[in-house]
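Copied over from TrEMBL:
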type: TRANSMEM; residues: B:6-32; note: transmembrane segment
type: TRANSMEM; residues: B:53-73; note: transmembrane segment
type: TRANSMEM; residues: B:85-103; note: transmembrane segment
type: TRANSMEM; residues: B:110-130; note: transmembrane segment
type: TRANSMEM; residues: B:136-158; note: transmembrane segment
type: TRANSMEM; residues: B:184-202; note: transmembrane segment
type: TRANSMEM; residues: B:222-255; note: transmembrane segment
type: TRANSMEM; residues: B:267-288; note: transmembrane segment
type: TRANSMEM; residues: B:294-313; note: transmembrane segment
């Protein structure tokens, strides 16, 4: 369980996150949606201690992220941000191996190697594992980063817009993979998403942010509703039931 | 790791060549069969051996420092002479010359290292404060910063009539290396070993602050450790032989093209190639215009600037 209580963040006079209190349930896939500038990514970065928290606390399984040692937290919670630019020229398998850094500190054990192999296979990267990241397409590279997070094998995995750079086929495959990781491996997956329909079809729980505040949260049926989406995005929406999913259109 | 052995053999051969190239006639054969006279043995032990060891230590040290700097600045075009590190070490030496010229070499090196640390830290602070859109701007900012620092050095050197002394270190030259005057380079060597032990941390640091934090690494601490290593290595080389340009740029880039940047694998190669390149350049500088010497800094400057151009053009064609 991730407990967020009274969290705020501001840059100078601009308040980006305004007193957010929220509990993210353990297990399943939680999506955070909302318009640009709603504070989704900022909130996620604070949960993963990438950004200092101005006020309030974030607790992961009872550990305060601001006070817990970085390497201890790295075994419980991982995050993949968007726009990952590496100065280091690494192969796919090198990168995925670094997912084991919190455990091995660079000296890989057989258990580490098992995790690395499974993560590579899970993401369909066996053929590409000796290729350098700068020789891959954007989608393949994204999969390599996700494999690294998977190898890190934490109970909580946070992804900031994991569908960036992915075409439709790979985006669907990625969402299925994240959902399966939650279901089969018992992980808690939290994703920031721009695509409402992906959130609607794949989430167990949806959090809506708006203007730096928590706006709504609940199961997809409670959230993917015309009146809520219209108010969130200030755009006209139609919501239809299709094959048991709620699909929003806004074109 | 096995493939390192032929590379080490090559370095060994270069080192032997380096021992027996020079104005005084000392041949390998006469040393081996014992016909070398006392003067020849003295030259070998007091000048040739120290020079060769100094080259090996400085070459591997600067190449590894260059690599670490590239990981810390997250930019492939930086090295100690494009980040203000070398110029700051020079300023430190000037301060020593002005205030305490009789300091032992080790203390001089430490003062130079403190200045180098401050200069490199300033460079990285500038990078943090101004996010640069173009990767090529990063070394340009470093070169400008270095220019400003060396302008200060030049001004005071001119005022206090120390121009000649300062000129001596501006171009790396190992001809004055003698027994008793190069031993600070062993400090650089010890630090490169330390860098190898921390290799994985530097690779992770090269992935950026967010990646490092995610993997539970204290990014600020690893930056600080890296800066200390780079500054001490640079200062020890500058104090002993002067500025060795481009080495820290060429070698890491070549090794990176061949085998990537997993430093656990690549740092030994960077060290070996750095030692080999500087030895080869020094031998060239000693033979091409014998009995006169061309300083190794000049030889490296020519090769290095050509390689730098190649790197830039290669990038351009890739982008286009």
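The backbone N, Cα and C atoms fix where each Cβ goes, glycine too.
Ranked by Cβ pairs under 8 Å to the transmembrane segment (B:53-73), the stretches B:6-32, B:110-130, B:184-202, B:222-255, B:267-288 are led by B:222-255. If you count C-beta pairs under 8 angstroms between the transmembrane segment (B:136-158) and each of B:6-32, B:110-130, B:294-313, the highest count goes to B:110-130.
Sequence-distant neighbours of the transmembrane segment (B:184-202) (same chain, 6+ residues past either end, Cβ-Cβ under 8 Å): 53-54, 57-58, 60-61, 64-65, 67-68, 71-72, 105-106, 109, 217, 222, 225-226, 229, 232-233, 236-237, 239-240, 263-264, 267-268, 271. Listed by sequence, the residues of this chain that lie at least six past the ends of the transmembrane segment (B:6-32) yet keep a Cβ under 8 A from its Cβ atoms are 39-41, 43-44, 47-49, 51-52, 55-56, 269, 272-273, 275-276, 279-280, 282-283, 286-287, 290-291. Among the recorded stretches B:85-103, B:110-130, B:294-313, the one sharing the largest number of Cβ pairs closer than 8 Å with the transmembrane segment (B:267-288) is B:294-313.
Cβ atoms under 8 Å from those of the transmembrane segment (B:110-130) belong to residues 69, 72-73, 80, 83-93, 95-96, 103, 138, 141-142, 145-146, 149, 223, 227-228, 230-232, 234-236, 238-239 of the same chain, restricted to positions at least 6 beyond its ends. Sequence-distant neighbours of the transmembrane segment (B:85-103) (same chain, 6+ residues past either end, Cβ-Cβ under 8 Å): 69, 111-120, 123, 145-147, 149-150, 152-153, 156-157, 160, 162, 165-166, 169-170, 230-231, 234-235, 238-239, 243.
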